[in-house]
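What Swiss-Prot says about this one:
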type     : residues : note
TRANSMEM : 16-36    : transmembrane segment
TRANSMEM : 55-75    : transmembrane segment
TRANSMEM : 87-107   : transmembrane segment
TRANSMEM : 198-218  : transmembrane segment
TRANSMEM : 232-252  : transmembrane segment
Amino acid sequence: MQFPHIDPVFFRLGHLEFRWYGLMYILGFIAAYFIVRRAAGRRGLALTQDDVADVIFSLAIGVILGGRLGYILFYNLSYYLSHPLKLFAVWEGGMSFHGGLLGVILAGVYVARQKKIGFPVLADICAPAAPVGLGLGRLGNFINGELYGRVTDVPWGIIFPGGGGVPRHPSQLYEAVLEGPVLFLILMAVGRRERPAGVVFWTFIAFYGLFRFLVEFFREPDAQLGLLAGPFSMGQLLSFPMFLLGLTMAVLVSRRKVGP
(Lines of atoms letter the chains of each structure in order from A and count residues from 1; the text may use other names and numbers.)
(Lines give C-alpha, C1' and ligand atoms only; values in the text may rest on other atoms or scores of the structure.)
Protein backbone atom coordinates (compact mmCIF):
# COMPACT_ATOMS: atom_id res chain seq x y z
CA MET A 1 0.00 0.00 0.00
CA GLN A 2 1.47 3.33 -1.06
CA PHE A 3 1.61 6.12 1.51
CA PRO A 4 -1.14 8.65 0.71
CA HIS A 5 0.42 11.95 -0.26
CA ILE A 6 -0.52 14.45 2.43
CA ASP A 7 1.15 17.83 2.35
CA PRO A 8 2.60 18.38 5.85
CA VAL A 9 1.72 22.07 5.41
CA PHE A 10 -2.04 22.61 5.65
CA PHE A 11 -1.99 26.39 5.13
CA ARG A 12 0.41 28.92 3.62
CA LEU A 13 0.39 32.66 4.07
CA GLY A 14 3.21 34.16 2.04
CA HIS A 15 6.40 32.68 3.45
CA LEU A 16 4.62 31.45 6.58
CA GLU A 17 3.79 27.75 6.69
CA PHE A 18 1.34 26.17 9.12
CA ARG A 19 1.97 22.47 9.56
CA TRP A 20 -0.37 19.66 10.55
CA TYR A 21 2.00 18.56 13.32
CA GLY A 22 1.91 22.00 14.93
CA LEU A 23 -1.88 22.05 14.56
CA MET A 24 -2.07 18.75 16.44
CA TYR A 25 -0.17 20.31 19.35
CA ILE A 26 -2.55 23.29 19.39
CA LEU A 27 -5.65 21.08 19.26
CA GLY A 28 -4.20 18.92 22.03
CA PHE A 29 -3.69 21.92 24.32
CA ILE A 30 -7.18 23.26 23.57
CA ALA A 31 -8.71 19.87 24.36
CA ALA A 32 -6.62 19.68 27.53
CA TYR A 33 -8.08 22.98 28.73
CA PHE A 34 -11.66 21.70 28.53
CA ILE A 35 -10.82 18.28 29.96
CA VAL A 36 -8.95 19.74 32.94
CA ARG A 37 -11.65 22.35 33.52
CA ARG A 38 -14.35 19.67 33.60
CA ALA A 39 -12.30 17.35 35.81
CA ALA A 40 -11.57 20.19 38.25
CA GLY A 41 -15.29 20.93 38.49
CA ARG A 42 -16.11 17.30 39.22
CA ARG A 43 -13.49 17.28 41.98
CA GLY A 44 -14.94 20.45 43.45
CA LEU A 45 -11.67 22.34 43.04
CA ALA A 46 -11.83 26.12 43.27
CA LEU A 47 -10.08 26.74 39.96
CA THR A 48 -11.20 29.65 37.80
CA GLN A 49 -10.99 29.63 34.02
CA ASP A 50 -7.81 31.70 34.31
CA ASP A 51 -6.37 29.19 36.78
CA VAL A 52 -6.98 26.34 34.33
CA ALA A 53 -5.43 28.38 31.52
CA ASP A 54 -2.37 28.98 33.73
CA VAL A 55 -2.10 25.24 34.38
CA ILE A 56 -2.30 24.35 30.68
CA PHE A 57 0.21 27.06 29.73
CA SER A 58 2.70 25.85 32.35
CA LEU A 59 2.32 22.22 31.28
CA ALA A 60 2.69 23.20 27.60
CA ILE A 61 6.01 24.88 28.38
CA GLY A 62 7.06 21.75 30.27
CA VAL A 63 6.12 19.51 27.35
CA ILE A 64 8.02 21.57 24.78
CA LEU A 65 11.18 22.22 26.79
CA GLY A 66 11.29 18.76 28.36
CA GLY A 67 10.48 17.02 25.09
CA ARG A 68 13.26 18.82 23.26
CA LEU A 69 15.84 18.35 26.01
CA GLY A 70 14.84 14.70 26.40
CA TYR A 71 15.34 14.01 22.70
CA ILE A 72 18.76 15.62 22.79
CA LEU A 73 19.90 13.69 25.88
CA PHE A 74 18.28 10.32 25.20
CA TYR A 75 18.48 10.01 21.44
CA ASN A 76 21.09 12.22 19.75
CA LEU A 77 23.44 13.87 22.24
CA SER A 78 26.60 13.51 20.13
CA TYR A 79 24.98 15.23 17.14
CA TYR A 80 23.87 18.26 19.14
CA LEU A 81 27.23 18.54 20.87
CA SER A 82 28.76 18.78 17.40
CA HIS A 83 26.03 21.13 16.11
CA PRO A 84 25.02 23.28 19.11
CA LEU A 85 23.01 25.76 17.02
CA LYS A 86 20.68 22.90 16.06
CA LEU A 87 19.52 22.76 19.68
CA PHE A 88 16.95 25.41 18.84
CA ALA A 89 15.86 24.08 15.42
CA VAL A 90 12.65 22.55 16.76
CA TRP A 91 10.99 22.92 13.34
CA GLU A 92 13.28 20.14 12.12
CA GLY A 93 11.71 17.71 14.59
CA GLY A 94 13.18 15.94 17.55
CA MET A 95 10.89 15.61 20.57
CA SER A 96 10.87 12.89 23.23
CA PHE A 97 7.78 11.83 25.16
CA HIS A 98 9.83 10.74 28.14
CA GLY A 99 11.58 14.10 28.30
CA GLY A 100 8.25 15.85 27.87
CA LEU A 101 6.82 13.83 30.75
CA LEU A 102 9.64 14.92 33.05
CA GLY A 103 9.09 18.52 31.95
CA VAL A 104 5.36 18.24 32.65
CA ILE A 105 5.96 16.78 36.11
CA LEU A 106 8.33 19.61 37.04
CA ALA A 107 5.93 22.21 35.65
CA GLY A 108 3.06 20.48 37.44
CA VAL A 109 4.84 20.60 40.79
CA TYR A 110 5.47 24.31 40.28
CA VAL A 111 1.93 25.24 39.23
CA ALA A 112 0.38 23.03 41.95
CA ARG A 113 2.24 25.07 44.55
CA GLN A 114 1.20 28.31 42.88
CA LYS A 115 -2.47 27.28 42.90
CA LYS A 116 -2.24 25.62 46.34
CA ILE A 117 -3.35 22.22 45.05
CA GLY A 118 -1.80 18.90 45.99
CA PHE A 119 0.31 17.65 43.09
CA PRO A 120 -1.37 14.19 43.06
CA VAL A 121 -4.78 15.87 42.69
CA LEU A 122 -3.54 18.09 39.86
CA ALA A 123 -1.88 15.12 38.17
CA ASP A 124 -5.14 13.16 38.31
CA ILE A 125 -7.24 15.87 36.68
CA CYS A 126 -4.61 16.47 33.98
CA ALA A 127 -3.80 12.83 33.16
CA PRO A 128 -6.91 12.17 30.99
CA ALA A 129 -5.91 15.08 28.75
CA ALA A 130 -2.60 13.46 27.84
CA PRO A 131 -4.03 10.66 25.62
CA VAL A 132 -5.83 13.24 23.49
CA GLY A 133 -2.58 15.07 22.80
CA LEU A 134 -0.67 11.83 22.31
CA GLY A 135 -3.18 10.45 19.83
CA LEU A 136 -3.20 13.68 17.83
CA GLY A 137 0.59 13.84 17.91
CA ARG A 138 0.91 10.35 16.46
CA LEU A 139 -1.51 11.30 13.68
CA GLY A 140 0.81 14.22 12.99
CA ASN A 141 3.74 11.80 12.78
CA PHE A 142 1.78 9.71 10.27
CA ILE A 143 0.92 12.74 8.13
CA ASN A 144 4.61 13.68 8.12
CA GLY A 145 5.55 10.13 7.10
CA GLU A 146 7.97 9.91 10.03
CA LEU A 147 8.56 7.44 12.89
CA TYR A 148 7.27 4.65 10.67
CA GLY A 149 7.45 0.97 11.55
CA ARG A 150 9.65 -1.95 10.65
CA VAL A 151 9.54 -3.82 7.35
CA THR A 152 6.54 -6.15 7.13
CA ASP A 153 4.49 -8.28 4.76
CA VAL A 154 1.11 -7.68 6.44
CA PRO A 155 -1.63 -6.57 4.01
CA TRP A 156 -1.86 -3.12 5.61
CA GLY A 157 1.86 -2.41 5.32
CA ILE A 158 2.56 1.05 3.89
CA ILE A 159 5.41 2.22 1.66
CA PHE A 160 6.52 5.46 3.31
CA PRO A 161 8.64 8.13 1.59
CA GLY A 162 12.19 7.58 2.78
CA GLY A 163 11.31 4.12 4.02
CA GLY A 164 13.43 2.22 1.51
CA GLY A 165 10.59 1.52 -0.91
CA VAL A 166 9.31 -1.46 1.11
CA PRO A 167 6.07 -1.91 3.09
CA ARG A 168 6.31 -1.04 6.76
CA HIS A 169 4.07 -1.20 9.79
CA PRO A 170 2.10 2.05 10.23
CA SER A 171 3.27 2.05 13.83
CA GLN A 172 2.25 5.70 14.25
CA LEU A 173 -1.37 4.58 13.90
CA TYR A 174 -0.88 1.70 16.35
CA GLU A 175 0.39 4.23 18.87
CA ALA A 176 -2.34 6.73 18.01
CA VAL A 177 -5.01 4.17 18.89
CA LEU A 178 -3.40 2.67 22.00
CA GLU A 179 -2.00 5.88 23.47
CA GLY A 180 -5.06 7.86 22.39
CA PRO A 181 -8.63 6.53 22.71
CA VAL A 182 -7.74 3.23 24.41
CA LEU A 183 -5.67 4.91 27.13
CA PHE A 184 -8.26 7.69 27.49
CA LEU A 185 -11.05 5.17 28.09
CA ILE A 186 -8.93 3.31 30.65
CA LEU A 187 -8.30 6.51 32.59
CA MET A 188 -11.95 7.52 32.42
CA ALA A 189 -12.98 4.10 33.73
CA VAL A 190 -10.50 4.32 36.61
CA GLY A 191 -11.58 7.87 37.42
CA ARG A 192 -15.31 7.11 37.52
CA ARG A 193 -15.03 5.93 41.11
CA GLU A 194 -13.69 8.08 43.90
CA ARG A 195 -10.14 6.95 44.49
CA PRO A 196 -7.11 8.19 46.43
CA ALA A 197 -5.31 11.08 44.75
CA GLY A 198 -2.64 9.86 42.37
CA VAL A 199 -4.25 6.62 41.20
CA VAL A 200 -5.35 8.00 37.82
CA PHE A 201 -1.93 9.54 37.20
CA TRP A 202 -0.02 6.35 38.03
CA THR A 203 -2.45 4.34 35.92
CA PHE A 204 -1.55 6.61 33.01
CA ILE A 205 2.16 6.06 33.65
CA ALA A 206 1.71 2.28 33.77
CA PHE A 207 -0.41 1.88 30.65
CA TYR A 208 1.55 4.35 28.56
CA GLY A 209 4.72 2.49 29.46
CA LEU A 210 3.11 -0.84 28.54
CA PHE A 211 1.63 0.33 25.23
CA ARG A 212 4.80 2.12 24.14
CA PHE A 213 6.92 -0.91 25.05
CA LEU A 214 4.72 -3.19 22.93
CA VAL A 215 4.45 -0.90 19.90
CA GLU A 216 8.23 -0.41 19.84
CA PHE A 217 8.52 -4.01 18.58
CA PHE A 218 6.82 -2.79 15.37
CA ARG A 219 8.49 0.63 15.17
CA GLU A 220 11.73 1.23 13.28
CA PRO A 221 14.46 2.05 15.82
CA ASP A 222 16.12 5.44 15.59
CA ALA A 223 18.80 5.20 12.91
CA GLN A 224 21.50 6.77 15.06
CA LEU A 225 20.87 4.33 17.93
CA GLY A 226 19.48 1.09 16.55
CA LEU A 227 18.72 -1.62 19.11
CA LEU A 228 20.63 -1.13 22.34
CA ALA A 229 20.08 -4.23 24.47
CA GLY A 230 19.31 -7.34 22.47
CA PRO A 231 15.95 -6.76 20.76
CA PHE A 232 15.14 -3.65 22.78
CA SER A 233 15.16 -0.03 21.62
CA MET A 234 15.80 3.14 23.60
CA GLY A 235 12.04 3.72 23.75
CA GLN A 236 11.57 0.32 25.37
CA LEU A 237 14.39 0.83 27.85
CA LEU A 238 12.69 4.04 28.94
CA SER A 239 9.12 2.71 28.83
CA PHE A 240 9.38 -0.60 30.67
CA PRO A 241 10.55 1.03 33.93
CA MET A 242 7.60 3.41 33.52
CA PHE A 243 5.25 0.44 33.40
CA LEU A 244 6.76 -1.18 36.49
CA LEU A 245 6.85 2.07 38.46
CA GLY A 246 3.34 3.08 37.43
CA LEU A 247 1.85 -0.32 38.23
CA THR A 248 3.57 -0.49 41.62
CA MET A 249 2.57 3.04 42.60
CA ALA A 250 -1.03 2.64 41.38
CA VAL A 251 -1.43 -0.43 43.60
CA LEU A 252 0.22 1.21 46.61
CA VAL A 253 -1.65 4.51 46.31
CA SER A 254 -5.00 2.76 45.81
CA ARG A 255 -4.64 1.25 49.29
CA ARG A 256 -4.71 4.67 50.93
CA LYS A 257 -7.83 6.30 52.25
CA VAL A 258 -9.73 8.43 49.78
CA GLY A 259 -8.81 12.09 50.02
CA PRO A 260 -6.31 14.64 48.78
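Backbone N, Cα and C define each Cβ position, glycine as well.
Just so it is clear, the model here is predicted, and its values are computed rather than measured.
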Ranked by Cβ pairs within a distance under 8 Å of the transmembrane segment (87-107), the first of 16-36, 55-75, 198-218, 232-252 is 55-75
With the cut-off at Cβ under 8 Å and a gap of six or more residues from its ends, the chain residues touching the transmembrane segment (198-218) are 97, 120, 123-124, 126-128, 130-131, 134, 149-150, 152, 169, 171, 174-175, 178-179, 182-183, 186-187, 190-191, 231-233, 235-236, 239-247, 249-250, 253-254
